[in-house]
Amino acid sequence: MLLTALEFVGLVAFAASGALAAVRARLDVFGVVVVGLTTALGGGVIRDVLLGIHPPTTLRNWPSLAVCAGTALAVFVFHPQVARLRRGVLLADALGLGVFATAGTTIALNAGATVYAACLIGMTTGIGGGAVRDLLLREIPLVLRKEIYAVAALAGSALVAAGHAVRLPAGPVTVAAAAVVVGVRMVALWRRWNAPVARGPE
Amino acid sequence: MLLTALEFVGLVAFAASGALAAVRARLDVFGVVVVGLTTALGGGVIRDVLLGIHPPTTLRNWPSLAVCAGTALAVFVFHPQVARLRRGVLLADALGLGVFATAGTTIALNAGATVYAACLIGMTTGIGGGAVRDLLLREIPLVLRKEIYAVAALAGSALVAAGHAVRLPAGPVTVAAAAVVVGVRMVALWRRWNAPVARGPE
Amino acid sequence: MLLTALEFVGLVAFAASGALAAVRARLDVFGVVVVGLTTALGGGVIRDVLLGIHPPTTLRNWPSLAVCAGTALAVFVFHPQVARLRRGVLLADALGLGVFATAGTTIALNAGATVYAACLIGMTTGIGGGAVRDLLLREIPLVLRKEIYAVAALAGSALVAAGHAVRLPAGPVTVAAAAVVVGVRMVALWRRWNAPVARGPE
């Protein structure tokens, strides 16, 4: 049940992040809803396809779709001061990343994946939605840009897997790991942590 | 059998739409065939992956591939007056959207998906091919642009699902629903129906 | 075992090709590793999803991931003279294309796919990684550009399938077919083989 609640937090966060990015790209209301839905459902669909869960869970229960569509519409109507949009996208994106990466790892472990595969599938679940959003809007995916991103997701997945290995209860571990992911992302953005670029002229 | 025939109509329409877009983008003959094939087969492959049908149906029978490759080659050789290409892409795209969305819904229902999941998978089947085509050619996908698109596909899927629920025969319902999708798309293009854009300066 | 060795050659080649392209695009070290991994693992993951192998093989054994990440890091640190990067990407890409297309065909045949589906899945395995790399870096995929590409992969797949049909041993046939793919690609690049473009003004 905690997993379901977390899943909803992640859906709302990613739907909002996708819708905000689409508003910024001046798409119309349908485009905003489609990008919001795709961003929110993308990671989970990729996860279920990799785990062989058919048809994907998120496509089977209508509440998740209603929540995502509602979030996207709300963002369309009440989108905050335009100047704050970019920061809003980044915060919502960090929340979605943390929740999906950690919940995805737990779901993969429950589905019988090895610890190793579960970490990768969890990371992919977290990264997937945002990557699809950026590809649709023709931006180079956030995951490839300057700040720590995939590494934050992988850290969260690894924490969940480690907790699983020493038999800690899955729920609290997942929440704590998600908080770590969000924290790492926020600090990376705030301190402008940059990774090195290869040297040499273009 | 009607489903098979519809599937072929959709394959030809999407292969032509992909090939026309590729000709417009000045790709060579191989690029035109690859884009035509990907556009035509993309939606069905996504559908089969979501439904857990392995390997995807369209990859298993050679006639569908031959028809798609032949269509793309024919478009390459006999592509109509250049001035009409854009309209041709849009019409072929509408036809493919309608056929794949409705036939995809029927196939999902036959595969045991719930009404709800079948609608979403049908819509995705319709949208998938064109989205892949536009991503490959680096255009913002049609589905995100100004006119009613995903909504048209969803309407067709919902009609098929409704017909299924009241036990109407699948074949005629699928054809009628596909016609509705094409009609909605054509009217939307003709009347330039636009959805609202969020207010506020960039 | 030969298949495993070939798989590793393909992983290293595609990881290097992705990392080189990412260095060229001025991504930081994490972006280089992510693009390297995605390019190397992309084709195999697509293959396993199409064949219904869950979770995908390459996500289950850590040596392949370690090799890919190590290759990408090595490319980041020791990337050769900048002027030679473009040629390096193309050569590594050809090697990965050949190995993945042919090994993918063999794996599909072993998994019980028909000859016809195995050819298509093999070709897709070869094309997949590079297409994902180019989409992530916002380039029009190599497979759509001027030189023979998908055709080379398909030729390799067809050779493997033909060898399978006449019961030749899979290993040597796969190696020979991969060499043919690399050869065709190299000659196509060297001689600047171009396919025709449709006539008519834009």
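Indices start at 1 and increase along the chain as displayed.
Glycine too: its Cβ is placed from the backbone N, Cα and C atoms.
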* May I ask you to indicate which of A:5-26, A:115-136 is given in TrEMBL as transmembrane segment? => A:115-136
* Structure fact -> If you count CB pairs under 8 A between the transmembrane segment (A:90-109) and each of A:61-78, A:115-136, A:148-166, A:172-190, the winner is A:115-136
* Asked: With DSSP, how much of the domain 'Glycine transporter' (A:91-163) is helix, how much strand and how much coil, in residues?
  -> 59 helix, 0 strand, 14 coil
* Summarise the model confidence on the domain 'Glycine transporter' (A:5-79) as a single mean pLDDT, whole number. => 87
* Close approaches to the transmembrane segment (A:115-136) from elsewhere in its chain (Cβ under 8 angstroms; 6 or more beyond its ends) -> 14, 17-18, 21, 35, 38-47, 50-51, 93, 96-109, 142-143, 149-150, 153-154, 156-158, 160-161, 164-165, 181
